[in-house]
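Asker: From Swiss-Prot, for reference:
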ACT_SITE  His158  active site, proton acceptor
BINDING   58-77, 140-143, 249-251, 275-277, Cys293  NAD(+) binding site
BINDING   Tyr102, Arg105  substrate binding site
BINDING   Cys166, Cys169, Cys207, Cys212  Zn(2+) binding site
DOMAIN    37-307  domain 'Deacetylase sirtuin-type'
TRANSIT   1-36  transit peptide
Amino acid sequence: MRPLQIVPSRLISQLYCGLKPPASTRNQICLKMARPSSSMADFRKCFAKAKHIVIISGAGVSAESGVPTFRGAGGYWRKWQAQDLATPLAFAHNPSRVWEFYHYRREVMGSKEPNAGHRAIAECETRLGKQGRRVVVITQNIDELHRKAGTKNLLEIHGSLFKTRCTSCGIVAENYKSPICPALSGKGAPEPGTQDASIPVEKLPRCEEAGCGGLLRPHVVWFGENLDPAILEEVDKELGRCDLCLVVGTSSVVYPAAMFAPQVAARGVPVAEFNTETTPATNRFRFHFQGPCGTTLPEALARHENETVS
């Protein structure tokens, strides 16, 4: 069997955020190795020794909080799937419809709270930090539930629902207004028969920087867009330094994030996957724990009997 060939980290920033891997890496990442272990006791031994832990999280973590994933057969908003709306072309063609979609998603988050998985991660970061150990979360989620749970060392590689970027001046700003603009009040209903609001572009969210007034867009990475090279540089540093990696609630099919954990595993670092099902990358990892993250993570990340807090 050929050894796994890892794409050089400098190439990661050149990859697109798509649903399929680049052709040159598709077969490399999914090579199957020995069946992973499901021994929590063995994982806990690795956890007890780890000084620099990276946790890569995906939609499965937030799904347990009731956050819509917009994936699979039921993943529709009106008659569209996320990949129909979360693109630069869709925004250029119909910014009103795209803003209705994101307004709906922002409003939904008002009633959602971090679950036991989010809380276990945040508590672990705080606890281990007092011991001089580092925990970093690299998330593909844009819902800010990790932040809400108390996670501080957080890299949101796909952006945030609660940040905007001006299409004219480029300013990125936090925005928690509800609604984000008056014209979106009461809009965004997800039912299939709902008609588009067709809001005039001048009434959509606008930049408040002096002298600008440009059209705002959600500060999220859309299909076909590159990830922020600065964030990916930070990701690369964390992946290169970690001595334990957890892959939590991610399908391992969205690139380039799907390459992160295999990159770590290839240098011999223990990687543990926590998911409700196996993924294309499962057999690349040392551990696999099947079940809801809100059930498996609290046990996995709980205080070890030999832990001491300075």
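Just so it is clear, glycine is given a Cβ too, placed from its N, Cα and C backbone atoms.
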Asker: Under a criterion of Cβ-Cβ distance under 8 Å and sequence separation of at least 6, what residues of the same chain contact Gly58 (NAD(+) binding site)?
Answerer: Thr139, Gln140, Asn141, Val248, Gly249, Thr250, Ser251, Val254, Ala257
Asker: In sequence order, which residues at least six apart in the same chain have a CB under 8 Å from the CB of Gly66 (NAD(+) binding site)?
Answerer: Lys112
Asker: Measuring Cα to Cα, how far is Cys166 (Zn(2+) binding site) from Arg105 (substrate binding site) in Å?
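Answerer: Counting only the Cα atoms, the answer is 19 Å.
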Asker: How big is the gap, in Å, between the Cα of Phe70 (NAD(+) binding site) and that of Arg105 (substrate binding site), rounded to a whole number?
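Answerer: Answer for this pair: 10 Å between alpha carbons.
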Asker: At a 10 Å cut-off from the C-beta of Thr276 (NAD(+) binding site), count the other C-beta atoms across all protein chains.
Answerer: 13
Asker: Would you mind ranking the binding-site residues Ser62, Gln140 by how many other Cβ atoms sit within 10 Å of each Cβ and giving me the lowest?
Answerer: Gln140
Asker: Could you check which of the recorded positions Ser62, His158, Cys207, Cys212, Thr276 is the closest Cα neighbour of Arg105 (substrate binding site)?
Answerer: Ser62
Asker: Per DSSP, Cys166 (Zn(2+) binding site) is which: helix, strand or coil?
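Answerer: Reduced to three states, the DSSP call for Cys166 (Zn(2+) binding site) is strand.
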Asker: Any idea what DSSP makes of Gly249 (NAD(+) binding site), helix, strand or coil?
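Answerer: Its secondary structure by DSSP: coil.
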Asker: Of the recorded positions listed here (Ser62, His158, Cys212), which is spatially closest to Tyr102 (substrate binding site) when Cα positions are compared?
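Answerer: Nearest by Cα distance to Tyr102 (substrate binding site): His158.
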Asker: For the Zn(2+) site given as Cys166, Cys169, Cys207, Cys212, which other residues of the same chain have their Cβ within 8 Å of the site's Cβ centre?
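Answerer: My list of surrounding residues reads Thr167, Ser168, Gly170, Ile171, Glu208, Glu209, Gly213, Gly214, Leu216.
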Asker: Measuring Cα to Cα, how many angstrom lie between Cys207 (Zn(2+) binding site) and Thr276 (NAD(+) binding site)?
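Answerer: Given the Cα positions, Cys207 (Zn(2+) binding site) is 41 Å from Thr276 (NAD(+) binding site).
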